[in-house]
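S.K.: Before we start, here is the structure in question, set down as structure tokens.
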Amino acid sequence: MSKKNNRSPLHRTRTRPPSPEVLNRNEGREEGFGYEGQERARGREEVVDQISHWAPTNPSAVLLRFMGLSRSMAVAPWIAAVLLLNAVAVGLGFYLPGVAPSDFQKFEMREPHMCQIVCKVTLNEKDAKDLKEKIEDEYRASDVKWASRWDTYLLMADDQIHWFSIVNSLMIVLFLSGMVAMIMLRTLYRDISKYNQLETQEEAQEETGWKLVHGDVFRPPANSDLLCVYVGTGVQFFGMLLVTMMFAVLGFLSPSNRGGLMTAMLLLWVFMGLFAGYSSARLYKMFKGTEWKKITLKTAFTFPGIVFAIFFVLNALIWGEKSSGAVPFTTMFALVLLWFGISVPLVFVGSYLGFKRPAVEDPVKTNKIPRQIPEQAWYMNPIFSILIGGILPFGAVFIELFFILTSIWLHQFYYIFGFLFLVFLILIVTCAEITIVLCYFQLCSEDYLWWWRSYLTSGSSALYLFLYATFYFFTKLDITKPVSGILYFGYMLIASYAFFVLTGTIGFYACFWFTRLIYSSVKID
């Protein structure tokens, strides 16, 4: 029989795991601490120990953890004690006789930030009993309370960057708030008190601009039914996110409950269908729409149908790779059941309630003949202003977006929902204010087509989100398989689509409130 390595398993620490070939090698090389030790006592060969899995930690920490001792205790004395006990056992004849594989005892050890280690030791019944009693005698209960058991993993030591993000976003909000305040003072205060006594001709021209379109500003837009559908879906998504954030901040979504966050979001989305139907119906009725069943079906199936189609294709690709990460058929059936059995009926109920309410009346009358829109300056071009409007909302969230992407694709923990909730509130204010400012400039240019433009101005931040996800893919991830790349961009497309619906709805309602406020408060000749 070939000579085996009899070095101590604690003789060296590797910075990376040894390969299986190294672990199974019998030569006396110093290749990691996986080994097969052999000692001879009374002419018999025994297998003392075999560590079958590498762990990224010091071997002494493994030994201390196995013995139930804390890492703060001295390492060297315990190593010496173990070696001394081993020598005494050999000298007294307490060897480990060879037994059948069924007698192998497995000891599972856990260490924070390291993988599982399985030690296989051949023991007879008496030695196993003695060892079990010794382990039980030396077991020490942890001082960590049950409610704080996740703090080691969820503690964010580098929270300064999150605070920097919050402060940076607050500066943007203050700047936009100042602009909105100036606009409100110029359009409301002056018009209500002394709108005929203007100080300069420039102010007269500027304020006359948005006043001149009062007969067209509330004219229903093109594709008004599609706008109603997306506004209703945005309300549904906003309600789902708001309640989810509140639950997370209050601590109801524990990381120990795997999948709890996704389950909560899915159920809240289903039940928020009531508000989606109500919002789309109210807006559709204001546009003098009459086919309420048609708009209800579009609200119930447009956004969920597109997302489900993308998700089904991505899941089919995972099935094709025979991956265990594929969503089973029963789960897909449950999703369809929730969609058709609960969400769709709730959308119909909300739509019915919305159509029963009186229609929202416009503060001013709409002319029968549309007013011609004058030629606009280059900076008031719809595409340019829409793209500019999406920068600030994206800037308010992109730092937290980095941590969220890291937690999803690099398997990191993300449990700072307090910061995320603050960023969410800042996002709401930023979307509302930037849309109001650009809408005011648009009306001053005598362009009254603000309905879709207000939605797309803040919703264009989703384009920057997808571009950032593309940048993250090529700079942070090491994905080479085509299927994995398709999965990444497919899921990020769904996230960007949802972000577009959310931010667009926030901007739309902000402009809706702003236009109704200014045109109902001023004197129209």
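From the backbone N, Cα and C atoms, a Cβ is placed for every residue, glycine too.
Remember, predicted model here, so these are calculated numbers, not experimental data.
As annotated in TrEMBL:
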- 1-15: compositional bias 'Basic residues' (COMPBIAS)
- 24-41: compositional bias 'Basic and acidic residues' (COMPBIAS)
- 1-41: region 'Disordered' (REGION)
- 75-96: transmembrane segment (TRANSMEM)
- 161-185: transmembrane segment (TRANSMEM)
- 227-253: transmembrane segment (TRANSMEM)
- 259-278: transmembrane segment (TRANSMEM)
- 299-320: transmembrane segment (TRANSMEM)
- 332-355: transmembrane segment (TRANSMEM)
- 376-409: transmembrane segment (TRANSMEM)
- 415-443: transmembrane segment (TRANSMEM)
- 455-474: transmembrane segment (TRANSMEM)
- 486-514: transmembrane segment (TRANSMEM)
S.K.: Which range wins on Cβ pairs under 8 Å with the transmembrane segment (376-409): 161-185, 299-320, 332-355, 486-514?
M.R.: 161-185
S.K.: May I ask whether the transmembrane segment (227-253) has at least three C-beta pairs under 8 Å with the transmembrane segment (299-320), counting pairs 6 or more apart in sequence?
M.R.: yes
S.K.: Would you confirm whether the transmembrane segment (161-185) and the transmembrane segment (415-443) meet the contact rule of 3 or more C-beta pairs below 8 angstroms, pairs 6 or more apart in sequence?
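M.R.: Counting Cβ pairs under 8 Å, at least 3, so yes.
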